[in-house]
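Enquirer: Okay, so TrEMBL annotates it like this:
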type	residues	note
BINDING	B:Thr67, B:Pro68, B:Leu69, B:Gly70, B:Glu71, B:Gly72, B:Lys73, B:Thr74	ATP binding site
2 protein chains.
Amino acid sequence: MAFPSDLEIARSASLKPMDDVAAEMGLPQHLLEPYGSDVLKVGLNAIDELADAPRAKYILVSAITPTPLGEGKTTTTVGLGQAFKHIGKRATVAIRQPSMGPTLGIKGGAAGGGYSQVVPMELLNLHLTGDMHAVTAAHNLLSAMVDNHLYQGNKLGLDLTEITWRRVLDMNDRALRNIVVGLGSKSDGVPRQTGFDITAASEVMAALALTTGMDDLRGRLGRIVVGYTTEGEPVTADQLDAAGAMTVLLREAIKPNLMQTYENTPVLVHCGPFGNIATGNSSVVADLIGLHCGDYLVTEAGFGADMGAERFFNIKCRVSGQRPDAAIVVATVRALKAHSGKFRIVAGKPLPEDLLAENPDDVHAGAANLRKQIENIRLHGVSPVVAINAFPTDHPSEHAAIREIAASMNARSAVCTNFAEGGAGAAELAEAVAEAADEPNDFAFLYPAEATLREKIETIATKVYGADGVSYAPLAKRQLNTYERAGFGNLPMCMAKTHLSISSDPTLKGAPTGWTLPVREVRASVGAGFVYPICGEMRTMPGLGTAPAAARIDLDEQGEIVGLS
Amino acid sequence: MAFPSDLEIARSASLKPMDDVAAEMGLPQHLLEPYGSDVLKVGLNAIDELADAPRAKYILVSAITPTPLGEGKTTTTVGLGQAFKHIGKRATVAIRQPSMGPTLGIKGGAAGGGYSQVVPMELLNLHLTGDMHAVTAAHNLLSAMVDNHLYQGNKLGLDLTEITWRRVLDMNDRALRNIVVGLGSKSDGVPRQTGFDITAASEVMAALALTTGMDDLRGRLGRIVVGYTTEGEPVTADQLDAAGAMTVLLREAIKPNLMQTYENTPVLVHCGPFGNIATGNSSVVADLIGLHCGDYLVTEAGFGADMGAERFFNIKCRVSGQRPDAAIVVATVRALKAHSGKFRIVAGKPLPEDLLAENPDDVHAGAANLRKQIENIRLHGVSPVVAINAFPTDHPSEHAAIREIAASMNARSAVCTNFAEGGAGAAELAEAVAEAADEPNDFAFLYPAEATLREKIETIATKVYGADGVSYAPLAKRQLNTYERAGFGNLPMCMAKTHLSISSDPTLKGAPTGWTLPVREVRASVGAGFVYPICGEMRTMPGLGTAPAAARIDLDEQGEIVGLS
């Protein structure tokens, strides 16, 4: 019999009543609001009310540089969360809300996989409690206020060619990347070029993920810079009188969503900022709650350790004031083989056949990437643990090769079979993580807030990416000077770089050396609270492929969803 | 002391637990899903499970031709629902979900007013359970599939200049009315002109409002025509493989939302199709449920009786198979005075001062409009009742004038003070409605489904609008021929006409005669299931004004919403 599909497994789950899931976390009833029977919203008062409860160990799940297919980081995160119960501990999982665009596009869902899933997966993958739509609405309200300001006479003197605020939709829609608005007659607005990004790329999403509460959110939204005047002065959402209504639209979305895994482990699902131009981490408020709900809080950061983990340490933890206790680097045989540089993996295409043959030497040939990502965890004073996410096509000798690489770096490691076996398959990982988290905590930021913007960029580029240095395009230099002058110099840095290489060149595998990071331009998410240098082509609106997932999704004769994976 | 604001009144409401509200309607627990503490979703199985419960009297609330300010039709609907309890009867109210765009624009909320409101009004006015966003997502998925089809080679041969499917957002954003998409490089799609409508104008919204269940919805969405091939053949959502995923996205949105009024009367809130180019009525499924939950189901139709009521009778009741038992025509002193032609009322501007002075003669001068709208109810064999929605600035002699007009038409009437007094203020109306609903039911459609499209248009124009006839532009003639040939000839007619006059000229007040209805073009909402002739300028994407409501909406220091009215 074939291994059942993710959707079939998810359907077979024995869901525990959500009130029981919450009660086991110590969340009192008055903080909970049901949204249907399978998800609760958790009120923000939980942060204060739980402050005296014991603090959980704070575990980050990161990874080596992934292939375009992803390496099962969410599956490992969910599996580890489940595994703690198998070693007698209580854990909570905190993950991002999947973006619906890719779910309907090429990717399918993002609930983990196999017997390590968040359930019901169709709820997680489609709408959930509407937070994503609330972000869309708040973002586009500001967009409408910008264009209405132009239409009503442009009293603030916005330079039409310097408006940086676009619109967003949670959809893969390439035709909206570059558009001209305001066509038609005089009453139809002011013509100008702009475009749509996917909602995950919205600065509102990043602000929501980084906020610590309603007042803080109101402040962040007000500081959003939508563009510049003809004199070069920034124009903010507060100047357009939009931030109050935007905050009101996010009144429910600021509350984390509580779901459960296949094995009834609690999961806080909250926010989904893009991993390339934003932080790629779930929300601060979910973590501030989850850190007082058990023995371990397991959260996930997007892409490899050079990307999501670096931002987790230097942006998210700086805002939250929390210190991580251990960090996992998820590795797979196929990805390490790919880092040997001998294979090319393309999303939507079958894996190369010789990549699937037993060959531990190919795994060793890709070791540099794993070593560098372990080092990137250690750079922040955090204990690394290597999780080997096992695939049915792997060979024991190849898993052994990964363990040897980890051992050579003095890092703990464990083979994880939780996709096929659930939490029990990650029990060894849970033991290793527990040991790592008990080591002395030497967590430290990579750079101080007071460092200049250039110093921050150069520190990340040389220490984390292994670059020789940084080259700035003239535009980037001007922008850095502008931001320093405007008082944005103390913001942390969120490098917009490819996730497919530690370098800025997606074709370079392993741990490239002897290269210079090119910074083409620099943008500032002043409201969310970071500066992001653009180091390569960054796509902020995906497209649909030749065979979109949406074309397969339907209801069967029993009214059950089919085609969602 | 000033009369409290709608928001202040709403906050003072004593909300009953929603489970109790549902229980009093006879809705069993297993059909209910809570969304927060103040709203439940009602499962569609309720239609079958309640089928044997006694049938309520079906009461429509319509109006005379309104001023741009509206005449308090929702306030009357809610007040009447509340009033039935005061005369010892059980009633349910069924209304549309307000569009968020206008709430953030000029209009403020749409929850009724004063002590005749749906509460919590901020929940009703902002997001509710996300149905509107689900419609947006389903609609825009089809849009993305259309543009992706062009990008991937356009195998179906869509004519780029004949693509009628646009995109939608629930926002007042004039700059999106006319846009060019697909700019940029070759990988950014195919350039073409298109635009956004407000979500309420989406055919998906109209289909959701008219559907009778999941299978029926799947069928309607599949039949949506997105455009035409170069050979003039229609291309459907089914041909683009989009309708399955669209249906899945609407899986929760198809379930009506249950809330309550200030006096704890149950309110089914569901769907909000635009009143000018679509049906302007709440959903069929909500009515099919509500008709078995008490003695009376009170529902509202958009704009005047020539608009929403005519569509309620001939489109909605044709789909649902239900017969209305009475229909209310809401009239106000100020609107009837405006129908004298002596005054001009502009949204966002103060009322003319002499309109507020005591003058029953001016009321009589506008009587023709009320008479014609009463006649429009009687044309369908339904008993009319005139509800006089009293304003503090009215004079008793003016109310008496309206009652005289009603009496001259042999119609019952009642003065309603439910804005200030709650349900007790509409008890007299409830008595009159109960009497009217007990009269023999002679309900009949205005035209048979088999009539030609032209016959349907001409029947509505001459009988309901009082036109001498209809003139068709050459484009309209071609389109009517195309639709008849394509097999759409048996669809009912949804006239897209101004709501500010019974005629097609918004400046003509009263009951204009001696005019001809000009049909400029004719469009077909094949999926939703109607044809709509365009008779004048129809705006499908509102704009923001010089002082948008959004600029006043904010949170106060206690975290409470301010500025929402």
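Please read every residue number as a count from 1 along the shown chain.
Cβ atoms are placed via backbone N, Cα and C, with glycine included.
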Enquirer: Just to confirm: which same-chain residues, 6+ apart in sequence, have a Cβ under 8 Å from the Cβ of B:Glu71 (ATP binding site)?
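Expert: B:Ala63, B:Ile64, B:Val330, B:Ala331, B:Thr332, B:Arg334, B:Ala335, B:Asn389 - these are the non-local Cβ neighbours of B:Glu71 (ATP binding site), listed in sequence order.
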Enquirer: Just to confirm: which same-chain residues, 6+ apart in sequence, have a Cβ under 8 Å from the Cβ of B:Pro68 (ATP binding site)?
Expert: B:Ile345, B:Val346, B:Ala347, B:Leu500
Enquirer: Just to be sure I understand the packing, how many Cβ atoms besides its own are within 10 Å of the Cβ of B:Gly72 (ATP binding site)?
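Expert: Looking across every protein chain shown, the total is 26.
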Enquirer: In the same chain, outside B:Thr67, B:Pro68, B:Leu69, B:Gly70, B:Glu71, B:Gly72, B:Lys73, B:Thr74, whose C-beta lies within 8 angstroms of the Cβ mean position for the ATP site?
Expert: B:Ala63, B:Pro66, B:Thr332, B:Ala335
Enquirer: Which of B:Thr67, B:Leu69, B:Gly70, B:Lys73 (the binding-site residues) has the most other Cβ atoms within 10 Å?
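Expert: For the binding-site residues B:Thr67, B:Leu69, B:Gly70, B:Lys73, the Cβ with the most other Cβ atoms within 10 Å is B:Lys73.
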Enquirer: Would you mind checking how many other C-beta atoms are within 10 angstroms of the C-beta on B:Thr74 (ATP binding site)?
Expert: 24
